[in-house]
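These features come from Swiss-Prot:
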SITE      His32  site 'Important for tRNA non-discrimination'
SITE      Gly83  site 'Important for tRNA non-discrimination'
BINDING   Glu174, Arg220, His457, Arg498  L-aspartate binding site
REGION    198-201  region 'Aspartate'
BINDING   Arg220, Asp221, Glu222, Gln229, Glu491, Gly543, Leu544, Asp545, Arg546  ATP binding site
Amino acid sequence: MSMRTEYCGLVTEHLLGQTVSLCGWVQRRRDHGGVIFIDLRDREGLVQVVCDPDRAEMFATAEGVRNEFCVQIKGLVRNRPEGTVNAGLKSGKIEVLCHELNVLNASVTPPFQLDDDNLSETTRLTHRVLDLRRPQMQHNLRLRYRVAIEARKYLDEQGFIDIETPMLTKSTPEGARDYLVPSRTNAGQFFALPQSPQLFKQLLMVANFDRYYQITKCFRDEDLRADRQPEFTQIDCETSFLGEQEIRDLFEDMIRHIFKTTIDVELDATFPVMPYSEAMARFGSDKPDLRVQLEFTELTDAMKDVDFKVFSTPANAKDGRVAALRVPKGSELSRGDIDGYTEFVRIYGAKGLAWIKVNEKAKGRDGLQSPIVKNLHDASIAAILERTGAEDGDIIFFAADRAKVVNDSLGALRLKIGHSEFGKANGLVHAGWKPLWVVDFPMFEYDDEDARYVAAHHPFTSPKDEHLEYLETDPGRCLAKAYDMVLNGWEIGGGSVRIHREEVQSKVFRALKIGAEEAQLKFGFLLDALQYGAPPHGGIAFGLDRIVTMMAGADSIRDVIAFPKTQRAQDLLTQAPSPVDERQLRELHIRLRQPEQPKA
């Protein structure tokens, strides 16, 4: 008989009366009245093994096994006794009567129980091998595998070709910091690990491969958050001879296919499309969570002449904004709740949080409860009530500051209230999946510190045709053929139509204050390629880690990556990064300089 004939979790009634050979780990060993029960676990699940003292040698071995021992058992599949069926297990109607038990490898006492749900992340990542044995982690990584497989199936059927691009490439420091790799054979020179295969996939379109994809690692040396890692995985795609709408349709269908085939979720037949300007005006975010049924109300123009300087000063500032967020039934919120929200918005740069409770709308200002009402004239109060559509029992929150602070703080408050217990109880958040496309992004953003424009996405994104003239006259007005796919407040994919003409690419470089010599030095290979009849092309990249995190309902992408880094970009399992010896540094012509210690 083979070492293993079945997976533990797949032993069911169809094997009744048969002898099976199983391999796995001891989840739990229980001694009940002279009979030993072993819950045996493998990647497919659990099966109950019964060790009877009638087989003395086998029973003696069973007495010595402990949790996480790796064992092989051979035995007979039989029905469980009446009243002992476990409906929570696929194998819950049967058990295996053990005939032979072999310890393949003993285990030291594990540092934690695998069913402990209160482990610190440090413990989990330090002992990642054991952590990965837990059913939830097994589920997450198998889900990740299925998502990747379904993406490949769809793209293969659509004529895409899987082509690998280099991991050692040229550093082009535009945006996030590169991970640099010193070259031993070219002293003083460095490769960079790719932040994306962007330029290579464009070159593949020029090279007539028409439709490309790969599921690939990308690297960014940036500060980490719950949804960021220094190395992450993209489903990276590029296609020729398709317009923006056709590209969106193609990949919208791919995401629908993946969700249906992996978790049996039917996403909307057509994803709504929202311009960037509308998303910012209504939600303060370019990745709005449409499950939350709260929106901003614009009040900037109505607050220009009020005596309340907290409102009028930003209302009259060039980059200022005054916006309101009406919360239905929000009068139920206590002063403690409001104080908590006030402290919360300070995290996002807000100086405070003004509010008005609407007790009796018909009474006008006399029916309002707020410390700010006395500072507002009748016309401004009327504008607030009319524009917000406030009703008795509502509360209205206000943000007034630079537009970015208003958008960040009030946008975060919108999500916090919507997803709170209060929000759930009052229907302010809907369940399910709410996808959309956000389009018409600004082509450039102005960097005050460097006094120049920078690319909002990357410098290879095509401007909208009707905005080409603005590249040289008014870059700030230029909109891009860029699009992000957003799902439940997460950007899961982003892409654009690319620039395919050399003269347009050169104009974009000039708008970014990248001179001809610098452009040739950094991107000469691209500019040269665009002169050889480059086709119209565009593409998109999806964050595999983010998609799987959402599907799995995980708290962090670290829960869907086998061996992730911490928020300090460290691998606690292997203790990377780590020092290297002096000989290796000499071979790379590198001398370390100790970082300066802060002055006392």
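Placed from the backbone N, Cα and C atoms, the Cβ positions cover glycine too.
Positions of Swiss-Prot features highlighted on the structure.
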residue	record	Cβ contacts under 8 Å, 6 or more apart
His32	site 'Important for tRNA non-discrimination'	none
Gly83	site 'Important for tRNA non-discrimination'	none
Arg220	L-aspartate binding site	Ala176, Arg177, Tyr179, Gln195, Arg228, Pro230, Phe232
Glu222	ATP binding site	Ala176, Arg177, Arg228, Pro230
His457	L-aspartate binding site	Phe441, Ala480, Ala482, Gly494, Ser496
Glu491	ATP binding site	Asp286, Lys287, Asp484, Met485, Gly543, Arg546
Arg498	L-aspartate binding site	Gln202, Met205, Phe460, Thr461, Ser462, His537, Gly538, Gly539
Leu544	ATP binding site	Arg144, Val147, Ala148, Ala151, Ile215, Phe232, Thr233, Gln234, Ile235
Non-local residues, at least 6 beyond the ends, that sit with Cβ under 8 Å of the region 'Aspartate' (198-201): 165-166, 169, 212, 236-238, 458, 460, 523, 525-526, 539
Using DSSP, would you call Leu544 (ATP binding site) helix, strand or coil? helix
Secondary structure of the region 'Aspartate' (198-201) by DSSP, residue by residue, totals 4 helix, 0 strand, 0 coil
Could you tell me the maximum Cα-Cα distance in Å between the residues recorded as binding ATP, namely Arg220, Asp221, Glu222, Gln229, Glu491, Gly543, Leu544, Asp545, Arg546, rounded to a whole number? 20
What number of additional C-beta atoms lies within 10 angstroms of the C-beta atom of Arg546 (ATP binding site)? 20
Specify the secondary structure state of His32 (site 'Important for tRNA non-discrimination') as given by DSSP, simplified to three classes. strand
Three-state secondary structure of Glu222 (ATP binding site) from DSSP? coil
Work out the three-state DSSP category of His457 (L-aspartate binding site). coil
Please classify the secondary structure at Arg498 (L-aspartate binding site) using three-state DSSP. strand
